[in-house]
Amino acid sequence: MTATKGRNVVVVGTQWGDEGKGKLVDWLTQSAQGVVRFQGGHNAGHTLVINGVKTALHLIPSGIMRPGVKCYIGNGVVLSAAKLFEEIEGLEKAGVEVRSRLRISEACPLILPFHAAIDIAREAAREQGGAEKIGTTGRGIGPAYEDKIARRALRVQDLKHPERFAARLRELLDLHNHLLTTYLGSATFVFDAALKPYIEAGKVQFDVVHAEAMRHAELLKPMMADVSRELNEAHRAGINLLFEGAQGTLLDVDHGTYPYVTSSNCVAGNAAAGSGVGPGMLHYILGITKAYCTRVGGGPFPTELDWQVPGTPGYHMSLVGAEKGVTTGRSRRCGWFDAALLKRSAQVNGLSGLCITKLDVLDGLAELRLCTGYELDGARIDLPPMGAEDIIRCRPIYETLPGWSESTVGVTDYAKLPQNARRYLERIEQVTGVPIDLISTSPDRDHTIMMRHPYDAG
């Protein structure tokens, strides 16, 4: 197909992440020439399956797997240079050209080893104090965003000025080592193998961190860019851009199940702020949602099933869907589709259309349940309340629909789906009020049903 020129699409997750955004971004880049990451860090994980080969990405936009597509890391991303180069080297070993196609905003805050140390120590302190863990990945994302908001972060651009970088690094280390040792008790904490080289007596050591940062600085310089300017110039030249969200709406720091959320805004509106373009450049918002729900880590999950019990629908979802986190390897909790939560996601993102992924995972279930609202304090509500405390008290209200025994794996024609699968999808559209434009029927990029293409949709 020939896409409309100068049209830009935003892809966002509508659940708690892990919806299959990577595959759809990869599929959509046949119509785009640039892909942009605008928030998060290497806590996000995208798995692509191309010709049967799996590739896991954490920082680099999924468009890197399409030859000739330019990839951008916007200012809204917190960047671990160490993890970035691990990813680059892995792709290069697989024959993928990265460095000439990757542009990194000079305004990206840096994730440094002390951020990960604080992240891990805080979660350990919560557990030791009897509180439920937030469920962070322990990769320093939250502490790095804290430094950004407190206006003390070291940014990519600082790497171009070694003396300034060193002075500010010393200041940051004094602050964060004080937090680690006096408040979090890091002197008695056993850090993992990845952090041990940086830490002595519970303190992160300046010399090791500084030397590594200076090595990364030389490697990063050719990729540093004014990403905002380049994206605006690309748009004026009629280039199609794709903005790739990480995690999901229900993990958004403002609109998610607070405090069990990430530290950035995962919603579509942040595609503008997190990359340096105006909101008028965002033409279509595609919401990605699984045909059921999953969640990694702590926090409320109204439709959660006994997914660890063999023979149950939740166990079927976990097993057939291979529900383990790309970044952490943790098992994902599984449950029925929550259309009420999706309505909230549609509201805060302004969704133009939906892509339903992993429809094939539901093959073989005799019946399906669809949450259309909740009961809270004796009243029926059709949207989730704000905040985890009230969501925990919500009881889901379900509709039961018949399942299907036929296989949907690899189907690329909507008319060839089982009748009950089509009814299930139609009911999701009716309850949420958002049209389904795409359906994924396996992890393979080509196993996609298209009803309306985001780059052609009006």
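Glycine too: its Cβ is placed from the backbone N, Cα and C atoms.
Here's what Swiss-Prot has on this protein:
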BINDING   17-23, 45-47, Arg332, 358-360, 440-442  GTP binding site
ACT_SITE  Asp18  active site, proton acceptor
BINDING   Asp18, Gly45  Mg(2+) binding site
BINDING   Asp18, Glu19, Gly20, Lys21, Asn43, Ala44, Gly45, His46, Thr137, Arg151, Gln247, Thr262, Arg330  IMP binding site
ACT_SITE  His46  active site, proton donor
Neighbourhood of Leu359 (GTP binding site) by C-beta distance under 8 A, where only residues 6 or more apart in the same chain count:
Ala291, Thr408, Leu417, Ala421, Leu425, Ile439, Ser440, Thr441
Would you kindly give the Cα-Cα distance separating Gly20 (GTP binding site) and Thr137 (IMP binding site), rounded to the nearest Å?
19
State which of the following binding-site residues has the fewest other Cβ atoms within 10 Å around its Cβ: Lys23, Arg330.
Arg330
Considering Cα atoms only, can you say which of Gly17, Asp18, Gly20, Lys23 is the nearest neighbour of Gln247 (IMP binding site) among these recorded positions?
Gly17
Among the binding-site residues listed here (Thr137, Gln247), identify the one with the smallest other-Cβ count within 10 Å.
Thr137
Need this for a regression test: binding-site residues Asn43, Gly45, Arg330, filtered to those with Cα within 10 Å of Gly17 (GTP binding site). What's left?
Gly45
List the Cα distance (Å, whole number) between Gly45 (Mg(2+) binding site) and Asp18 (active site, proton acceptor).
8
If you count other Cβ atoms within 10 Å of each one's Cβ, which of the binding-site residues Gly17, Gly20, Gly45 has the most?
Gly17
I need the CA-to-CA distance for Gly20 (GTP binding site) versus Arg330 (IMP binding site), whole Å please.
17
Around the C-beta of Thr441 (GTP binding site), how many further C-beta atoms are within 10 angstroms, looking at every protein chain?
25
For the residue listed as 'active site, proton acceptor', the number of other Cβ atoms found within 10 Å of its own Cβ:
28
Provide, as an integer number of angstrom, the distance between the C-alpha atoms of the residue listed as 'active site, proton acceptor' and Asn43 (IMP binding site).
11
